[in-house]
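Feature annotations, courtesy of TrEMBL:
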DOMAIN    670-762  domain 'DYW'
REPEAT    183-217  repeat 'PPR'
REPEAT    218-252  repeat 'PPR'
REPEAT    319-353  repeat 'PPR'
REPEAT    354-388  repeat 'PPR'
REPEAT    455-489  repeat 'PPR'
REPEAT    490-520  repeat 'PPR'
REPEAT    526-556  repeat 'PPR'
């Protein structure tokens, strides 16, 4: 009786459990917790894994919840295999973009002696195409041949799509040609695939073949062709195709419009972009998010920031994609303040910004001179719980390098290492550049040597770093290493090498590489190359040759070229050529105060005080003012910014006191301030006070009072260091026993024990 009662009780529990589970299964996608409870109940009743129907549904539920481990465990425990269960689960995993997990179920199916059928294979091939994984795709193709289902039109279409997305165009052609019947879908795949892989002629021929076979192309066919042309770098061919579609009576949808707008933005065809915008308004597609983003991108790339803002303002409920497009467009057009304002408004409106949004605003600031804002926004990004990626870090690191925020740059380095993105070539290249700009050229080389792969950006970063530090021989050795490793140097590489030769006084080497660049690599000399050569010859005192080189230039010399000649005249006190160079500079850059200062210094060095007064009067008449000097120094993970002549820093009284003590000591030992670097019409004593207020001196003084004795100091300045400050830094380095690194707009100056690495030429 007990046994009978127990059996009846068990049956009753099973019946109740089945009723509850059936009720649960009727929902579209129940939450995970009730599903797990139902699974436990079925296990307890012995209905799983034996019951194929409920096992199939559990597999589908776990796949829908992306519980890959549960799917794999349950599939391995199946005792009565059901091919439809595996087919459904693989399809769900593919739709959830869990491609590797979907493919991992195929061996399990085969071990259960379930041959993949025409329902499973297309889903599996779609996973191969998405990864992409050509080897697994070939294995699945072999399975379809063994199972005699390769001729199935769904399987064959999936094979064609897989081969095309895995760049195996010849295999795609073979499968396509063997198909007895070709539907519009497979024709469209072949046309789009040929276009994507740059076979545009074949794509249009395929379109003609399609029509000849009696199959008419549809909108998807043309959309695939447009997208393919855009991806293969032929956006100019999409615009005539759009006209052809329109003439054949096709109504353009959001895919057609957004793809063609993207092509118009690539070629900066504002006229076509505006015409498409008119079509968008006419067909009421302006509410589609992808179309809005494409419009914003087009106007941004065509330099129409105001029109871009007007388009955005018409959107009633902007999504994050539209917001990101607006931020990118504002950044591209240098509207950094507008971008910061828009970003703040997005946050205030509760729009859920993603990593692309944060990366865009960080990049906007770092690319437009708002380095401190970029660092602050990056910290806010992390506080908001948004994790940076391999795109964010290269956007942040230039800001760290620009203001010598070494500790924050190191933190980004550690983050990249921890998150496994250090192997990314752009992350590595940005780290090389950051360390070089922060004065740590040895660390830059360590990162460079550890990079698993390098591109031209990586090589230019390290060569440019050595040039910045005046290490010409290292830069040349890297150029030779590029040749040995079959990396072709580009125009930027030679700018770095020529700059390094100029700063190190390697005149013959510089001349050789200048002509080798043109003869052996076919690189046409640009104004940057000529500026380096003028500086190189000028340093060697060959001013007449430098001037002759300028006269023979095949391009119009700009301010950099004439500025290099004027600087060389300053070193060698050549008044005649200096006046020629200055006249050109006053035409090209009438508001650049630095040119007036250089000419005035040349006159002052020659004792031509009347000419000094004339330059000063010219500046007053034209309203030219010297750009305020600004320097940055990092102390205990905080970047301090100091402005020349400003007393806003909280430690200014102590800074001034330290500078006065240093000034007294310097005078006692025979140092006299070079007041000719001050153009203001003031008394001599006031000129000395002005010199004491130069931003690099303020930054060094702050470093001296804020760090332990012997600690190296790193200072970044937005202008070229003046002669008085250069002399003062040499004295301070010896008197205080400090290594002082100052990076100006030209190079790094390493002051140590009373001398500078530049050899007093900069």
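Each residue, glycine too, has its Cβ placed from N, Cα and C.
Heads up, TrEMBL stuff is auto-annotated, nobody curated it.
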Local confidence of the prediction over the repeat 'PPR' (490-520), expressed as mean pLDDT: 95
Long-range neighbours of the repeat 'PPR' (455-489), counting only residues six or more past its ends (CB under 8 A): 425-426, 428-430, 432-433, 435-437, 439, 441, 444-445, 448, 496-497, 499-501, 503-504, 506, 509, 513, 517, 521, 743, 747-748, 750, 757-758
Counts of helix, strand and coil residues, the repeat 'PPR' (319-353), according to DSSP: 26 helix, 0 strand, 9 coil
Tally of DSSP helical, extended and coil residues in the repeat 'PPR' (354-388): 26 helix, 0 strand, 9 coil
